[in-house]
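Colleague: Taken from TrEMBL, the feature transmembrane segment covers 20-44, 50-74, 95-116, 122-141, 148-169, 175-193, 221-239, 245-262, 274-295.
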Amino acid sequence: MATRSAGGPRASSSGSRLGLYIDAIKPGITVSNTATAAAAYVFAAQPFSLATFLGLLLGTALVIASACVVNNHVDRDIDAKMARTAHRGQATGQIGATASFVYAAALGVLGLLVLLLLTTPAAAITGVVAWLLYAVVYTLAKHRTPHAALIGNVPGALPPVAGVLAAPTPRPADAIALFALLVAWQVVHFYAISIRRRDDYAAADVPVAALAYGVTHTKRLVLAGAVVFLLAALGLGAFGSAGPVATAVLAICALVMLFTAARGQRKDVDATAWASDVFGQTLVVILVLCAVLVLGPLERL
């Protein structure tokens, strides 16, 4: 039986059953991934279709939410052992297996139908692939291997690919560059989290990289991710549709993140504090990336 929080099951932040079901879709992950899909569509779509955009927005959010519900159900024993996740409905037992299954199925089927009807078959297929990789492959791998984060990076990088593929005339170079950007960003973001939250993961017996290979090795992975992010940003300008201003902005963000990642390789740097700095920078970088993608078409006028 899973270990519960010291005070027993507690309700979500809203104090309501609705709040529990909102928490179950991991709103932060759902919103941020949907935002990258929407921004990528605005970047790639010529001409822009409001109906397709809204369909992509809704369909992507529903598919991601469905995958998160499945992930939360499978991870309920792990989540019950970590302070930051112990309040989730599946972890406390307030959302059972049947409710989780019905909820995830309804969200996923509705999301797929929206993508099929309002976007393109390619975008819908990308959504299905992302769902399978996250809800099944990553969720199961998380319990077994420290490489789970790398596996999870693939579905996490597919929403902007879906955004590009929903465009009337998608450019493969844009999809490839955005996929590489999001994979690299997630390497930096999630390995920083594995260092920052390594005590929580240790308590829950989750074999993240910082525990399996050590903090020093994980810091090198963060540095490698920052390097790849810079190269992918330059690639979006050299081979994709990004103009010189958009490319320059992304490159500056990448260089700042790379400098911080490099600073953390020193032995005298406090790893936890450094990881928190990196984590904060990644949040700014993803916001800038979305803004650049949305405003990028202005350079083509």
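Yeah, the Cβs are placed from backbone N, Cα and C, and that goes for glycine too.
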Colleague: Using a cut-off of under 8 Å between C-beta atoms, tell me which stretch among 20-44, 50-74, 122-141, 221-239 contacts the transmembrane segment (274-295) the most.
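Modeller: Comparing 20-44, 50-74, 122-141, 221-239 against the transmembrane segment (274-295), the winner is 20-44.
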Colleague: Between the transmembrane segment (20-44) and the transmembrane segment (245-262), are there at least three Cβ pairs closer than 8 Å, leaving out pairs fewer than 6 positions apart?
Modeller: no
Colleague: Go through the chain and flag residues at least 6 beyond the ends of the transmembrane segment (245-262) whose CB is under 8 A from any CB in it; none is fine as an answer.
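Modeller: Residues packing against the transmembrane segment (245-262) from afar: 181, 188, 219, 222-223, 225-227, 229-230, 233-234, 236-238, 274, 277-278, 281-282, 284-285, 288-289, 292-293, 295-296, 299.
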Colleague: Take the transmembrane segment (95-116) and find every residue of the same chain, 6 or more past its ends, with a Cβ under 8 Å from one of its Cβ atoms.
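Modeller: Residues 20-21, 24-25, 55-56, 58-67, 69-70, 72-73, 89, 123-124, 127-128, 131, 135, 162.
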Colleague: Given a Cβ distance threshold of under 8 angstroms, which distant residues of the chain, six or more beyond its ends, lie next to the transmembrane segment (50-74)?
Modeller: 24-26, 29-31, 33-34, 37-38, 41-42, 88-91, 95, 97, 100-101, 103-108, 110-115, 117-120, 123-124, 127-128, 130-131, 134-136, 138-140, 143, 155, 159, 162-163, 166
